[in-house]
Amino acid sequence: MKFEDLLLEIGGFGRFQILILFILCLPRINLPMHFLLHNFLAATPSHRCAIPHQEAFVNLTVEEVLLISIPREPDGTFRSCEMFSRPQFQLLLNSSLRPENDSIIQPCQHGWAYDHSQFTSTISTQWDLVCEQRGLNQATATFFFIGVTMGAVVFGYLSDRFGRKTMLLLSLVCSVVFGMLSAASVSYSMLAVTRTLTGVALSGVSLIVLPLGMEWVDIQHRTLTGILTSIFWSIGNMLLAMVAYLVREWHWLLVAVTGPCLLSIVCLWWVPESARWLIANGKVKQAHRHLLRCARMNGRKDFAEDMPLIMYAQRIVLQWEYKKPGESYSYISLFRTPVLRKISLCSGAVWFGVAFSYYGMSMNLTGFGLNMYLSQFVFGIIEIPAKMIMYVLVNRVGRRQSQAWALILTGLCIGANVIIPKPFTSLRSVVAIMGKGFSEAAFTTVFLYTSELYPTVLRQNGMGYTSFVARLGGALAPLVFLLDEVWRSLPEVTYCGVAVCCGSVAFLLPETLNVRLPEGIEDIE
């Protein structure tokens, strides 16, 4: 008896599964509010060098003081990172005059003055992470994704060893603790450390939610499960835009996006452990209790009465299907056999390309001609129809073709915006929104696809490994923006090239449409 056969007997998608999925979607909403928080947490408002007061400035207006103190760009705007070493009073007579030589221009000496019309405070204004310190500002996102990367390895292994639900609860508790400590940071170093640890904790949530839900539903509803949980990511995307619009102070913004984890912790009480995992690890009595509850809640009372006999009769068979006695698995097992090795290498490349391009677009809210709050909200909205379309495509065209073309088209849209001139704001915005839709479609598919590629005994290890590679992409994505100092379009060209190449690798993966979830390595090979 395969587990799918047992699941069909007790109801593969009834009230029991709907309740579980709804509860698991609550932490899913919270994920993008942290993963994309850098857009608002580290936003850099307009700034200029701070000018100390001098007696010679008593009779001058603010505009005149700036005119004689700060050099201007060719377009007439004041420079953000430089000032004159001494006031240039001759500019009061003729503002079009050029300084006698560049030697009188120097970096800001007295800090910066910021435009607070949009943000009360961000970490950029708190610790002056601008100009020469700009790299530290971008590194904040990288630190977070380094934490997510480490968490993928840790929680991928632990959830296969100690159970899905236990590790999900641990990750949520740690997310609350480290999230609140981040909000209380008194130095950049403290923020960097606590954001890294928050990333480690949230990685467990990201990694466990989908497989835990997927392991309770039948084959026919696996795609719906993946799309449904993914839609709640988009809802979190839109909620982040609204929360950031209402909360303009970075300390309280961190508190606002961390607080909902408490609700998830409370609701997790009603979510059972994965019966697949329990059986695979020889805990048949616990699996029997949860399956009995599932049968009763789904209205299969006749089957519920017969289940004790069925469970114990099939105990040895079910355990043998999952794991041979005394055999243990680790990340090394992903590369021991040829077919599994090919799957692991190719899926790792696809995950890297998906995350690299997704976060590259998501963290460039001001680059497409829209207000950043509106961009965040629109990017969230466009993801929902993209997911609906993918729901149809992955069931008609298949997982492999959908995954490959979604990622390739993401890269082409990013590349198109390199060619489209800056003045064509509307066209650039439309192409960017299309690219964001394709990017989210690729992300939605890869979660579903990967969970179907790996066998039950290695599923969380496989998800942990691919999530590790993806978070490397997420960690590198914000740093690529610094390449604009070499060539203004180099970041976009990089995102485009990686997305197209990694999308092409997806064609090498096997198709999983309407295929049973593999239980052991033998099913893969």
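The first residue you see is number 1, and the count goes up from there.
Using N, Cα and C of the backbone, Cβ positions are placed for all residues, glycine too.
Automatic, uncurated: that is what TrEMBL annotation is.
Taken verbatim from TrEMBL:
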| type | residues | note |
| --- | --- | --- |
| DOMAIN | 87-513 | domain 'Major facilitator superfamily (MFS) profile' |
| TRANSMEM | 139-158 | transmembrane segment |
| TRANSMEM | 170-191 | transmembrane segment |
| TRANSMEM | 197-217 | transmembrane segment |
| TRANSMEM | 224-246 | transmembrane segment |
| TRANSMEM | 252-271 | transmembrane segment |
| TRANSMEM | 343-361 | transmembrane segment |
| TRANSMEM | 373-393 | transmembrane segment |
| TRANSMEM | 405-424 | transmembrane segment |
Where else in the chain does the transmembrane segment (170-191) make close Cβ contacts, counting only residues six or more beyond its ends and a cut-off under 8 Å?
27, 30, 34, 123, 127, 129, 136, 140, 151, 155, 197-198, 200-205, 208, 251-252, 254-255, 257-258, 261-262, 264-265, 268
With an 8 Å cut-off on Cβ pairs and a sequence gap of 6 or more, do the transmembrane segment (405-424) and the transmembrane segment (197-217) reach 3 or more such pairs?
no
Sequence-remote contacts (6 or more beyond its ends) of the transmembrane segment (197-217), Cβ cut-off under 8 Å?
7, 12-13, 16-17, 20-21, 24-25, 27-28, 30-31, 34-35, 143-152, 154-156, 159, 164-165, 167-168, 170-172, 174-175, 177-179, 181-182, 224-226, 229, 271-272, 274-277, 294, 447-448, 451, 456, 459-460, 463-464, 467, 471, 517
Compute the average pLDDT of the predicted model within the domain 'Major facilitator superfamily (MFS) profile' (87-513).
85
